[in-house]
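For reference, Swiss-Prot has these:
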SIGNAL    1-21  signal peptide
DISULFID  C24-C42  disulfide bond
DISULFID  C35-C59  disulfide bond
DISULFID  C63-C74  disulfide bond
DISULFID  C75-C80  disulfide bond
Amino acid sequence: MKTLLLTLVVVTIVCLDLGYTLKCNKLVPLFYKTCPAGKNLCYKMFMVATPKVPVKRGCIDVCPKNSLLVKYVCCNTDRCN
């Protein structure tokens, strides 16, 4: 009985995700990853020539500046990219 109770407690802790962690989409939005500590933004990177097709997605600490060839879109909520 104690083993069952301990197992339930562990499963509950894992499912509740103690401490806030940001989740960002990977390149294919069906999949996401949990961001490590310190990376509190999600980003989506586009080539300026093809703005509708993201090239890269993930977690980042500071939103990079856009350039003539590359545009970044950053946000700070779960799976916002």
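Cβ from N, Cα, C; glycine included.
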Position of peak Cβ density within 10 Å, selected from the disulfide-bonded residues C35, C42, C59, C63, C80: C42
Neighbouring disulfide-bonded residues, C-alpha within 10 angstroms of C24 (disulfide bond) - of C35, C63, C80: C35, C80
Nonlocal neighbours by CB distance (under 8 Å) for C74 (disulfide bond), same chain, sequence gap 6 or more: L41, C42, Y43, K44, I60, C63, N81
Sparsest Cβ surroundings (other CB atoms within 10 Å) among the disulfide-bonded residues C24, C75: C75
